Amino acid sequence: MPSILIIDDEDNYLELCRRYMPEHSFLPPARNYRETAAALRRYAGQVDLVLLDVHFNIPDAELLPHDKQPLLARGGDPAKVFERLRRSQGLYILDQIRQSHPDLPVIVMTSRDDLPLEADAERLRAEDYTYLLADDYLDARALKLQIDGILAQRERHVAAASEPFYWGNSAAMIGLRRRLGILARGRLPVIIQGATGTGKSLVAREFIHPRSERAGPFVAVDLSTLPNDLMAAHLFGVVKGAYTGATSSREGVLARAHGGTLFLDEIGNLGLELQKSLLLVLQEGTYRPIGATKELQTDIKLVVATNENLAAMVRAGRFREDLYMRLNPATAVTLPGLRERRDDFQELLEWFMRRVTAEAYNRDLLAQYALQRGLPAPGPNDNLAVTVGRSIPPRGDARRMHVLLHPSSFKLLQEFDWPGNFRQFEMTLSNLLTFTLVDLVDRPERIEPEDLGEAGRPDIIPILPRTVSDLLRPMTAPAASEAPVEEVAADGADLARLAIVVRPGESLNAVSCAVERQYLEHLYERCLGDLGKMGEILLNDAGAGRKIQLRMNQLGIKLRRLKRRADG
Ligand SMILES: Nc1ncnc2c1ncn2[C@@H]1O[C@H](COP(=O)(O)OP(=O)(O)OP(=O)(O)O)[C@@H](O)[C@H]1O
Ligand SMILES: [Mg+2]
């Protein structure tokens with residue numbers, strides 16, 4: 001039975017609700033903020049919905065904010081100041097609730113005499129999980145409808161709970177999520193900044209688009225991999241015969257994203273001419289396909305990502321200031337890198353580790369391991385437990401296997417630099433689990449009994465510090481000067497041949513990663529940073545640029561540094 005907390009200085013709502021909604025349970029009401037905080041602590045995780053009054057006739061001392069001095073210091077009649085606080089007290093309480101409970105549904109019961117609400121109504125309407133109900137006369141039916149609607153929606157949300165983007169519980173990330181939720185619903189463009197692998201594309205696709213509540217599709221364009229001469233046609237479309245080679249008309253992404261979200265990744269790569277056209281799209285909602293005589297209308301929500309500093313590009317004359325201003329830079333959101341998330345590193349590690357245990361390849365290995373150790377294979381929906389520490393909880397569920405990260409393993413991972421951020425992190429954890437399982441399954445003799453901890457409990461998968469350092473070492477890129485590369489081919493015709501320095505390493509994996517790194521760095525420079533060309537050379541596939549970029553990230557190659565070297 002869903003539990004509802006009523007925050008109200010009087011019992012009007014409580015009586016009404018109890019009478020008309022016997023199917024819900026109503027927790028003892030809270031009369032002010034202090035009681036609210038106590039109730040939320042006491043019923044942590046059990047409150048499904050909050051009904052919040054706005055006007056509170058309570059003594060001065062119970063009113064928020066705790067520090068009223070700044071308000072009183074502005075002068076005016078103190079009695080009036082307190083009266084205003086009473087008439088808007090619910091909003092102060094809401095602000096406090098949101099600090100700790102960003103996604104708790106709250107219905108704000110407003111009435112005409114709640115004056116301050118007028119000014120706040122728009123902001124509140126834009127918030128996820130905050131609902132306004134105008135309620136001048138207590139209307140049980142309207143209230144019941146709204147409550148049932150919200151609870152049903154919440155159930156659906158919980159069902160689809162595994163959000164693909166992990167936010168964590170730090171105050172900074174909760175704030176970021178809330179802010180992005182608000183930006184997603186608005187009509188203005190959204191800028192997402194952040195280093196590679198911080199989840200910019202993921203947030204645009206999985207978080208902003210679904211929350212924009214737009215019926216049209218999500219269309220993404222990576223401007224860093226799109227050749228300059230194709231960009232205009234790709235964005236705006238082409239009319240048949242516009243130039244030699246335009247043998248048929250083609251829709252651009254602006255047409256495809258109509259009614260939905262257009263995600264322009266690496267917006268810094270957009271040429272100045274096209275910046276002007278994009279500005280027109282934002283200003284007028286119109287554009288002209290190449291070769292067309294008429295302008296077309298489009299209605300898109302624009303989300304752009306960049307790991308360059310757009311403001312600096314504006315100063316350098318490489319990005320139009322008018323477009324920049326139109327992109328709504330005041331609300332730009334920066335996704336933090338993994339190094340900036342040291343505080344919740346353990347939670348992140350556990351979350352990503354659980355996620356990689358669900359990968360098909362790792363599932364197969366897990367099944368083999370279980371079989372070898374006389375355990376039932378974990379089913380596709382059986383979660384593995386992940387524990388960081390020296391010992392694990394006592395064995396409860398026989399089906400449940402445990403990934404145990406020794407404190408030294410944890411420390412190695414925590415102190416690593418992670419230039420490829422969460423992308424690199426996830427791949428590394430996946431490799432870590434795979435290598436551990438392969439070792440356990442194929443070469444059990446290599447495992448020392450004490451490595452298994454807890455007297456060799458069969459349900460434990462120990463992640464050993466040795467495996468972690470084997471995996472991290474090759475990703476610690478040596479300084480460029482340590483890896484001189486001598487070319488054999490003089491004319492560059494034969495890109496596949498070059499001399500590589502091989503140094504002894506700690507493991508074969510480390511040596512081969514070092515070789516691969518030298519080769520890829522070299523090829524990157526020879527191709528002038530054109531990943532598509534590298535794809536052609538390596539895989540016979542110009543579309544494999546992304547794959548190669550991922551591989552280079554995984555090896556810890558810093559593309560930006562190479563690019564500067566190639567440009568300079
Ligand atoms: N917070 C997160 N929660 C879950 N997965 C994440 C998160 N951040 C990143 N990832 C993982 O990292 C991968 C890379 O994320 P994404 O492609 O969105 O990064 P990006 O910032 O767009 O990088 P780039 O600048 O290289 O395009 C995702 O596919 C996902 O697996
Ligand atoms: Mg991206």
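Positions of Cβ are set from backbone N, Cα and C atoms, glycine also.
What TrEMBL lists as domain 'Response regulatory' is 3-155.
DSSP assigns Asp53 (4-aspartylphosphate) to a strand in the three-state reduction. Around Asp53 (4-aspartylphosphate), taking its Cβ as the centre, 24 other Cβ atoms fall within 10 Å, counting all chains. Positions annotated as 4-aspartylphosphate by TrEMBL: Asp53.
Feature annotation from TrEMBL assigns domain 'Sigma-54 factor interaction' to 166-434.
Averaged across the domain 'Sigma-54 factor interaction' (166-434), pLDDT in this predicted model comes to 90.
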